């Protein structure tokens, strides 16, 4: 049938995605699924060591070539052997590969610090303290961001509950992609999104991050931001201690100690010849600043604006924050009228695993290697499609969750307690606003409580926070702009 329909390529791709051979037999992998994940996570540690030692032992002109060959070999083994994929990009972001690269980088940075910097730069005690704290907090929050549930949204407990939800939404004219997830067969909270990689709806979804092998949602967003913050501080401190190390040790600069083929200035040639391993680790760590600085500043800006990466992207694509990835504005709002074909084409898009949207413009290369790299480094949020438009509109877009910079930061670090919401069960925006709704709810709880323990009940409410009722009074949903 595939040959007759001239769709042989699509048929082979479908078999490949399903892990089947052309005969329909399940492909055998060299390791079990669990051992494959462990191997992928640990392999970067070994290969980074081999790369650093290659640069240390061999001359620079051969060491660089072999180091790049080792990195390609690592990528080839992970994608073609362990994952058994046809190309070098499919499913690699769904594996712990990039998380393993971060973990391996931390291992060798810590090794270089303990074996070299601690003994030779004892006069910089404060810098060592800062690095030790940032390294420990970075490692802790890194593994917490991986292991924590990002904030999975609840599903109906029974078919009767599911039927009731669908009937209620249909009777209100709100049964669409914004309010109901077909993949999970559950009601979608505001600011949530169904992640294709994790295959679940995540409350206050920010993006899917391959560097921590997890989605970033309301339940692990704080750990992710602390991880990135301490990672930047640790890299800067490590670079400073490395500079202090080479400034304090006597480095021979004679002709016999410097390679005549070195193209760097004499001082740098002497430094690289004296301790090539430390220089290689420092350069590798400094390269991580290329994406961590962009990610750090954009994340803090979004926290101050009470927005997520997904919402900034939707502002550029749809003009409002509550859009659903993969559908046009008319389709997701349930409109019956249709625009011209050019309008539909301009509004259709795909969603990348990291939560950043890619537009399918004519004449552009979909899935190019450069786009994959930009996606991993986090630069595509500023360069692809209409992402820049979202950044421009973010300062003026209506946002019912905005409490001001201080209030937004408090709400972020308390996981919704400042607004008084539970993001995995937030289905409506109260007509009077979140602040007034919280005050009214606390006042009602205070009136119902006994006089002797009224203060205790109010204090507990302020500390613990409560979510909005499931079927709130607002029927408009999360629609910052007039769309109906």
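Residue numbering: from 1, along the chain as shown.
For all residues, glycine too, the Cβ spot is worked out from N, Cα and C.
Taken from TrEMBL, the feature transmembrane segment covers 38-58 (among others).
TrEMBL lists 64-83 (among others) with the feature transmembrane segment.
Beyond its flanks by at least six residues, the transmembrane segment (95-113) meets 37, 40-45, 47-49, 52, 78, 83, 131, 135, 138-139, 142, 146, 210-213, 234, 238, 241, 277-278, 281-282, 284-285, 288, 376 of its own chain at Cβ-Cβ distances under 8 Å. What TrEMBL lists as transmembrane segment is 95-113 (among others).
Through the fold, the transmembrane segment (125-143) approaches residues 102-103, 106, 109-110, 113, 117-118, 212, 223-224, 226-227, 230-231, 233-234, 237-238, 240-241, 244 of its own chain, all at least 6 residues removed from its boundaries and within a Cβ separation under 8 Å. As annotated by TrEMBL, transmembrane segment applies to 125-143 (among others).
The annotation domain 'Palmitoyltransferase DHHC' is assigned in TrEMBL to 177-312.
Proximity of distant same-chain residues to the transmembrane segment (224-246), defined by a Cβ-Cβ separation under 8 Å and at least 6 residues beyond the stretch ends, is recorded for 109, 112-113, 116-117, 120-121, 124, 127-128, 130-131, 134-135, 137-138, 141-142, 144-145, 206, 209, 212, 216, 271, 274-275, 278-279, 282, 285-286, 288-289, 292-293, 295-296, 299-300, 303. The transmembrane segment annotation in TrEMBL covers 224-246 (among others).
Residues or ranges marked as transmembrane segment by TrEMBL: 277-297 (among others). Remote same-chain partners of the transmembrane segment (277-297), defined as residues 6 or more beyond its termini with a Cβ less than 8 Å from a stretch Cβ, comprise 48, 51-53, 55-56, 105, 108-109, 112, 116, 228-229, 231-232, 235-236, 238-239, 242, 245, 271, 376-379, 382.
Taken from TrEMBL, the feature region 'Disordered' covers 332-354.
Long-range contacts of the transmembrane segment (64-83) within the same chain: residues 29-31, 36, 39-40, 43-44, 47, 50-51, 54-55, 58, 89-92, 95, 97, each at least 6 residues beyond the stretch ends and with a Cβ under 8 Å from a Cβ of the stretch. When pLDDT values are averaged over the domain 'Palmitoyltransferase DHHC' (177-312), the model yields 88.
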